[in-house]
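The structure under discussion appears below in the form of structure tokens.
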Amino acid sequence: MGLDEKHGGDHDEDHELGKGVDSAPYEELSPKPSDDPKDPLNWPLSLKIACLLQVGLLAGLGGVNTAIINPAYTPMAKDLHISVVRASYQTTVVIALNGLAPFLFIPLANVYGRRPLYLFCTLLGFGTSLASAYAKTFSQLLAARAFNGFMPVAFALGAATVVDLFFFHQRGRAMGVYVVLMTNGSHLAPIVGGLVGQYLGWRWCFKMAAIFDAVMLVVIFFCLPETLYVRYPTNLPPVERPLLGVKAYLNGLRLWTRHPDLKLKARDFVLPNLKMLKYPSVVFPALYYAAQYGFASILPAVTVASIFEKFFHWDTLDIGLAYGGSLTIGSFLGELCAGWVVDAIVKREKRKLGGRDPEPEVRLKAIWTGEVMVPAGLLIYGFCLQYHTAWIAPILGMGIACFGLQVITTTCYTYSIDCYRAEGSEVSQVFNFFRQEIGMTFAFYVIHLADKIGYQWTFFFFAIMGSILGFIPIVVLMWRGKEIRERLGKPRNVNQFDTDGERSGRVPE
């Protein structure tokens, strides 16, 4: 799962400290690095990977804050005198706000930098997790969890950070590392939550999340430099390969960064994301990914405690270990396939084109594995629950669906962001919004629907919705994506980079 350390399969990349520019010929690099050591593209590969892992872990920590309580719904419900289904609503609130919060944070991050937002939101997660742990009533818990929903800024901002750090030919695997860490936060959380909830009580689930947040806050305070950089476009190679010194690194650890060319305006909030809805290369993959993510990942997270207690009479620990382990294993195996396949396809096409970057639609060729695996897993899960098979069968179904989901996630993210690189943070926010808002609805109706029409038909319906109706637009993009993008043109005046940056001749990549 390591990042691509060769350019086009033919050039070694320099791993020495301070020599982060890819040793491939300058004219083959995309985007072109500047001659500034503060440019993240010039950083040593080891520092890039360290930043990538931190951002991925921050995104995963958002999933931990959201889902660590899920196996402990039953003891929480008994303690607060509510039903198990109602207990799940506090997770639903968090999921919904995960999709709304970046509308506030992304414009700030595009002007003042990624680092201050990561620090603030991690601190917010720490405080609200402690507040959740000490809530006396369900109303107090809902309020604390609502504020906790503002914590996972890395859900939307992480993909933009990947674009800040890596060249075009590296982004497939880099994005794969990011999304596998992001996705598996909510998958590993039930394992921890099940163990802690069983032996220490449900309140300790939130305390454990607060501990994780505190540790991560210390790590990123000292180890995550600012990655936002706005450079002048140029076709001229740097005279010398710039070295990242200690002073430049420490300068990147300031609490915020100000770019004089970038101005924050009221129209930078919400409106940029709405503008990106004009582009099918963003909306279609986002909707397809969101539907599949909701069916294969969020749906088990908010319903499995109720379902498995009812069908198999499992306790908190059993539920957390079984479904958390299944989703985690499926996701990691899926990423072993996804990241490698996406980058291999790009390299092969690049060789065919004589070194020229292929069109982004090439990446969609990697999606077929996920398109088959997700509905297969959903059908196994639903039919096995309905006909009361051994517990291993629905667990296996969840794992298969999550394997396919990881392939879809990596492919869709890299495709849409490659189509509109300067708008990477807005593209990522569209993905995040659709994923969270579609996913948060399941807790309200899935179990009631399955009790009425049967689990087999419920999950058959989900498979049809995601893998047939949701996939048709993706086929259109495979066939006519380039033509559609050219007809619509490039986005203009979407974010600070398209306005102030464009007038100054500076652009982000």
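Positions of Cβ are set from backbone N, Cα and C atoms, glycine also.
Any TrEMBL annotation is an automated prediction that lacks curation.
Computed from a predicted structure; not experimentally measured.
What TrEMBL says about this one:
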| type | residues | note |
| --- | --- | --- |
| COMPBIAS | 1-19 | compositional bias 'Basic and acidic residues' |
| COMPBIAS | 29-38 | compositional bias 'Basic and acidic residues' |
| DOMAIN | 51-482 | domain 'Major facilitator superfamily (MFS) profile' |
| REGION | 1-38 | region 'Disordered' |
| TRANSMEM | 49-69 | transmembrane segment |
| TRANSMEM | 89-110 | transmembrane segment |
| TRANSMEM | 117-135 | transmembrane segment |
| TRANSMEM | 147-168 | transmembrane segment |
| TRANSMEM | 175-200 | transmembrane segment |
| TRANSMEM | 206-224 | transmembrane segment |
| TRANSMEM | 286-308 | transmembrane segment |
| TRANSMEM | 320-346 | transmembrane segment |
| TRANSMEM | 366-385 | transmembrane segment |
| TRANSMEM | 391-415 | transmembrane segment |
| TRANSMEM | 427-447 | transmembrane segment |
| TRANSMEM | 459-479 | transmembrane segment |
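In this chain, the transmembrane segment (89-110) lies out of contact with the transmembrane segment (366-385); the count of Cβ pairs under 8 Å, excluding pairs fewer than 6 apart in sequence, is fewer than 3. In summary, the transmembrane segment (427-447) lies against the transmembrane segment (147-168): three or more C-beta pairs, each 6 or more positions apart in sequence, are under 8 Å. Looking at which of 117-135, 147-168, 206-224 has the most CB pairs under 8 Å to the transmembrane segment (175-200), the answer is the stretch 147-168. With a threshold of 8 Å between CB atoms, the same-chain residues lying at least 6 positions outside the transmembrane segment (147-168) that come near it are 3, 7, 22, 29-31, 40-41, 43, 48, 51-52, 55-56, 58-59, 61-63, 65-66, 93-98, 100-102, 104-106, 109, 114, 117-118, 121-122, 124-125, 128-129, 131-132, 174-175, 178, 182, 213, 227-229, 357, 413, 417-418, 421, 424-425, 427-429, 431-432, 436, 508-509. If you look at the transmembrane segment (117-135), the same-chain residues 6 or more away from its ends with a CB under 8 A from one of its CBs are 55, 58, 61-62, 65, 105, 108-109, 141, 143-145, 147-148, 150-154, 157, 203-207, 209-210, 213-214, 216-217, 220-221, 224, 255. Over the domain 'Major facilitator superfamily (MFS) profile' (51-482) the predicted model carries a mean pLDDT of 86.
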